Amino acid sequence: MDATILSFLLLDGLQNGVVYGLLALSLVLVFAVTRVILVPIGELLMFAPLSLVWLLEGKLPGTLWLALVLGGAWALMARGRGALLPLVGGVGLFLLFLLAKEVPPLAYLAAVLLVVYLGVATYRVFFQPMRGATVLSLLIMAVGLHVAYQGLGLVFFGPEQFRPAPLLSGEVVVGLSWQGVLVLLFAALSLMALYLFFRFSLFGKALLAAAENRLGARLLGIRPEEAGMVAFGIASLLAAFSGLLLAPLINAAYFMGFMLGLKGFVAAILGGLASYPVAFLGALLVGFFESFTSFYASAYKEALVFLLLVPALFYQSLRARTVEE
Amino acid sequence: MKRWLVALLVLGLSAMAQEALKVGVVVSATGPAASLGIPEQNTFLMLQEMLDRTGGVAGRKVQFVILDDASDTTQAVRNTRRLVEEGVVAVIGTTTTPASLGMIPVVAEAKVPMISLAASKDIIYPVDAQRHWVFKTPQTEELMARAIVADMVARGVKTVAYIGFNDAYGEGWARFFEAEAKAKGLQVVVSERYARTDTSVTGQVLRIIARRPDAVLVGASGTPAVLPQRTLKERAYAGLIYQTHGVANPDFLRVGGKDVEGTLLPAGPILVAEQLPSAYPTKRVALDYIQRYEAKYGIGSYSTFGAHAWDAWLILKPALERALKRVDSAKDLAAFRATLRDEIEATRNLVATHGVFTFSKEDHLGLRFEDAAVMVRVENGRWKLERTFR
């Protein structure tokens with residue numbers, strides 16, 4: 001191996017790694033606050049670029065109806081004043097889509113808001129009613145939703161891949177496209193934003209408190225439902241942006257999300273589903289590891305990447321003293 | 001009283017004669033193989049309409065019982081059992097290789113002839129006690145690999161790299177392509193794998209480029225076949241790039257865009273039917289199918305996959321006619337199914353859309369290489385006929 005190949009592989013690993021990193025952060029955040037392992041995050045990620053493609057072609061994507069149906073269920077379950085948010089959001093989203101069909105630049109905004117709305121509605125409709133359930137029940141629900149969303153993705157968008165035009169075309173240096181730079185920039189930006197959010201904003205601190213000690217946070221007037229909604233909102237926001245930026249590089253399709261989410265999950269596990277920095281570093285490790293195994297032993301790449309889980313889980317099991325609540 | 005009985009008997013007999021011949025169809029109209037299964041299903045719906053209009057085969061009505069297997073082997077097997085119990089005379093399908101393989105024991109046990117629409121040679125070779133009942137219409141990887149290697153040799157390619165799916169499709173192609181390449185004196189310098197869901201193949205592509213092959217074959221199907229080709233282009237690979245016939249659908253061109261210009265691939269001749277020389281045996285039949293399909297489903301809607309379904313019926317129809325002359329299907333269904341199988345095997349020089357079929361005891365694929373494969377190049381976002389092998 002010479003220096004050129006090494007630099008290409010490193011760049012490739014970095015680009016994949018930061019995306020896994022953002023997904024890992026989302027997974028850790030959602031797990032800490034709600035104890036849900038958000039398996040369908042890959043589907044949320046793919047819904048953004050696929051909805052965008054549909055909008056750019058002047059069609060309304062099926063995900064819009066899914067979001068509105070879930071929004072309706074959310075409004076029914078909330079009743080009273082709480083129903084205001086889903087109703088106003090749903091109507092606004094619908095109008096935005098009608099407008100975005102004609103005005104292409106708005107389509108990006110519409111796709112992001114759709115996924116955020118869908119993510120929050122998913123929490124409110126499916127996870128909040130079972131918030132007292134065990135981690136296992138929540139996981140089963142999450143897996144069920146993943147299967148359902150993937151199936152719906154096939155119905156909405158068909159079996160083939162789509163490639164939206166990149167926001168920036170061309171290469172900066174050989175091996176790194178401008179679009180890739182955008183991905184890296186976005187990752188850096190969101191890391192900074194997350195840090196500031198949790199460090200300085202009251203809302204962020206409340207989220208951390210809810211993650212740390214649910215009962216204690218409640219005693220201090222932090223509503224766990226709200227915390228869960230915010231966590232899901234942040235996770236879907238990160239997923240939507242990652243999806244939009246990645247799609248021109250990887251070709252979006254309904255079946256592509258799961259693997260991305262799963263690798264983010266591997267990274268999150270490396271961080272024990274608890275530590276943000278370790279999860280992110282773990283994601284970079286997964287990215288580099290994947291890039292190098294695809295060079296040396298492409299036939300075994302997938303197996304080797306998931307094999308990373310074994311030492312991580314082993315280490316966690318040695319360290320952990322607490323048992324299932 | 002006697003008159004009434006006779007009248008009843010006559011009524012009953014005529015009702016029996018009127019009873020439709022049931023042909024079972026299993027296709028993957030949903031699931032990952034839906035882009036192949038949907039045109040197949042459409043073809044049978046179109047055939048049903050045609051047969052209802054023209055009155056069926058040899059005066060007997062024909063009814064297609066179409067079941068979706070959702071690209072799932074278990075469902076395909078269950079569907080086949082159901083069709084057998086419903087008393088179909090033959091089973092056509094299914095779209096995918098694993099599911100077709102799963103159906104073989106079922107039809108063999110029930111002694112029902114089956115015509116598969118899936119690619120792999122394993123479905124019909126070797127013709128053993130079970131595969132005795134099984135035929136198929138699509139070209140095998142082996143046949144298409146032969147076309148690719150012949151084209152490579154003609155272009156003076158000496159070294160070649162392979163990158164394919166890490167599943168049955170990619171492995172099957174690796175096996176047949178590498179064997180054929182070696183036999184023709186080509187050197188396969190590197191053989192890589194990637195997953196349908198992969199978001200990057202930079203590692204594999206760097207490894208390929210480092211070995212400087214004259215040509216690269218991508219053993220993948222559908223739109224996921226674009227990624228390696230685009231990465232090769234981005235890394236400024238200047239050699240020839242080949243794809244398999246698994247990419248012969250418009251979606252590949254749509255997603256690939258500029259990146260897949262100049263791609264070479266083998267295909268059934270129907271892909272470029274209008275461009276075929278007028279002496280090409282399948283041209284007329286292929287154009288006829290395309291015209292009918294597009295009249296029903298819209299201009300540009302036809303695909304090579306639906307044509308495999310059409311070919312299955314082209315084979316089955318004359319076999320049904322001959323079998324009906326020999327055995328009464330209403331009296332003895334088992335004997336009729338066996339006779340039908342014999343008549344399918346007796347098919348000689350049947351011109352279809354993808355080639356000319358001649359079955360024999362040892363050969364249940366029946367396609368001659370020269371009529372069943374052409375080389376196609378992508379030019380300005382369209383399929384262009386590059387060469388025939390006649």
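Note: Cβ is positioned from N, Cα and C throughout, glycine not excepted.
As annotated in TrEMBL, transmembrane segment covers the listed stretch A:138-158 rather than the other ranges in A:138-158, A:201-221. A contact between the transmembrane segment (A:178-198) and the transmembrane segment (A:303-320) is absent, since fewer than 3 of their C-beta pairs, 6 or more residues apart, lie under 8 Å. If you look at the transmembrane segment (A:106-126) against the transmembrane segment (A:227-246), you find at least three C-beta pairs under 8 angstroms, all six or more positions apart, and that counts as contact. Between the transmembrane segment (A:58-76) and the transmembrane segment (A:138-158) there are 3 or more Cβ pairs closer than 8 Å, counting only residues 6 or more apart in sequence, so the two stretches are in contact. Distant neighbours of the transmembrane segment (A:83-100): 55, 60, 64, 67-68, 71-72, 74-76, 106-107, 109-110, 113-114, 117, 121, 124; these residues of the same chain sit at least 6 beyond its ends, with a Cβ under 8 Å from one of its Cβ atoms. Tertiary neighbourhood of the transmembrane segment (A:303-320): same-chain residues 262-263, 266, 269-270, 272, 282, 285-286, 289-290, 293, 297, selected by CB-CB distance under 8 Å and a gap of 6+ residues from either end.
Same-chain neighbours of the transmembrane segment (A:18-38): 45, 123, 127, 131, 135, 138-139, 141-142, 183-184, 187, 190-191, 194, 207, 210-211, 224, 227-228, 230-232, 234-235, 238-239, 242, 246, 260-261, 263-268, 271, 273-276, 279-280, 282-284, 286-287, counting only residues six or more beyond its ends whose CB sits under 8 Å from a CB of the stretch.
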